[in-house]
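Read through the structure below, which is laid out as structure tokens, and then see the notes.
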Amino acid sequence: MYGRDPWGGPLEIHAADSATDDDRSRNLNDFDKAALSRPLDETQQSWLLGPGEQKKKKYVDLGCIIVSRKIFVWTVGTILAAAFLTGLIVLIIKTVPRHHHPEPPPDNYTQALHKALMFFNAQRSGPLPKHNNVSWRGNSGMKDGLSDSVNKNLVGGYYDAGDAIKFNFPQSFAMTMLSWSVIEYSHKYEAVGELNHVKEIIKWGTDYLLKTFNNSADTIDKIAAQVGSGDTSGGSTTPNDHYCWTRPEDIDYPRPVYECHACSDLAAEMSAALASASIVFKDNKSYSKKLVHGAATLFKFARDQRGRYSAGSAEAATFYNSTSYWDEFLWGGSWMYYATGNSSYLALATARGLAKHAGAFWGGPNYGVFSWENKLTGAQVLLSRLRLFLSPGYPYEDMLSTFHNQTSIIMCSYLPVFTSFNRTKGGLIQLNHGAPQPLQYVVNAAFLATLYADYLEAADTPGWYCGPNFYSTKVLRDFAKTQVNYILGKNPRKMSYVVGFGHKYPKHVHHRGASIPKNRVRYNCKGGWKWRDTHKPDPNTLVGAMVGGPDKHDGFHDVRTNYNYTEPTLAGNAGLVAVLIALSGEGKPSTPLIDKNTIFTAVPPMFPTPPPPPAPWKP
């Protein structure tokens, strides 16, 4: 019998295949008994043994791979143990108190900066804010201008020095210097927690300056130049701010207001102050716009009504005489360009005729000396900045390159290897040629040197040439540090000339408010003389005041009646603040050198005018 083979082929079915179960059982005896006696492998056992009879597996099937059970158990156990150990370590780290390394103490420049800014709080006139932090000062000058024939509210502003006179000329310069330092180093002010403070100081000054003229008008014909009087000529005994020794809070004598109608130098300096401050307050659009408008009005007045402000005032000529207004045109025009972006101001500031009148080409004994009276050097540095970072090209490049070269020469004159200026044996540069009160000139030069070094490095320039010799920017900073360190106490007398800084500083400052105790006693004009003449130290510490300084022999007399040694000024302290912030925080890698862009906020993109074609060629 044949059947069909499903694998392809005939399938023969034998009769034996139909045998009974008994027949099959008997046929088993015909198999090889030795084969049955061999042990079965694991696969065979799994076929033959029942569920309860199978041996425990030695391997684990993970789907994609088969691994040994021992290795699997060991691996999983190790992972779990490591995770437990890691969690335990993290828990311990988070629960155990951390020991933070204390921040390094601030450097001397930063410590002195905090104090130098406090001087401006002590010089405030008008209703003082609650947070003024000078306990021995109070409201003063509350009728300034209102009781005078001008009948104008001139309350506020700053007293100039140890008296209670408000001189707009040096006060404006002080505000310009502070604003310049904020524009360049706002990140440093913020790092030391003084940005809001210094901006408040500037605003206190600019708010007052806006009161001294009709700031809402486009054209004006006068400015209030001075409040208070210090005239003691001819032995006058009329009570005023110099004859009397009285706390500002106790003044009961008349305080006249002096106005000017042709004062180009004063108006241009006030314009510089408001223009630079408008950049500081650029985030306050309404106030910044108000400052810019006032600055433009002042600058127009300066150009239209030519004249020196001190020419018609004996007092101004005695205390803050101005010899020229051309340098203020250059200085004010530069700041007006940065504040407005109006190229007409840049055209004026780069006019060769103006530079010539300002003394840019003839030098002289005061060439390179930057002060409240001479702004030429500051303007040259300010315009060199424009060339270094924007390079507007024709038609400004001719004078900008000239100013840049002149700035390099001035920086050379500050170095000890040159003999442009004498130095005392202690190392203090004599920028005012041995005259009294040298420190205000020193701090201004130190600021410009540090700032110019930062300009060069920010422009990827490692130094500059003095003749054939190349000098690195480090020598400029070394010059600035040497001078400032002298002022802070590294001098032959081991005395700090900043009140309240260090262990030894002037204790008999020529300052009415600091020398008279706040004891609820109102001293009249002559009644305060006993405090002026006493040999006792000041009952009130005028923190941060930089005094006039030593003489040309490094000598210093801590005597209240000698103002050449012991009187501080607004302009001097503004330069001190500027150089201290410039030098502070050195060595911190995250600190940028300067803010390269903020000063150019209002300057439009540069599209240089192509130069004129060359003249026709003639054979």
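Here the Cβ of each residue, glycine as well, is placed from N, Cα and C on the backbone.
Nobody curates TrEMBL annotations by hand; they come from automatic prediction.
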Of 1-25, 501-525, 526-550, which span is tagged region 'Disordered' by TrEMBL?
-> 1-25
Just name the winner among D558, E567 (the active-site residues) by count of other CB atoms within 10 A of its CB.
-> E567
Relative to the Cβ of H510 (active site), which residues of the same chain, six or more apart in sequence, are found under 8 Å away?
-> A161, G162, V547, R560, T561, N562, Y563, Y565, T566, E567
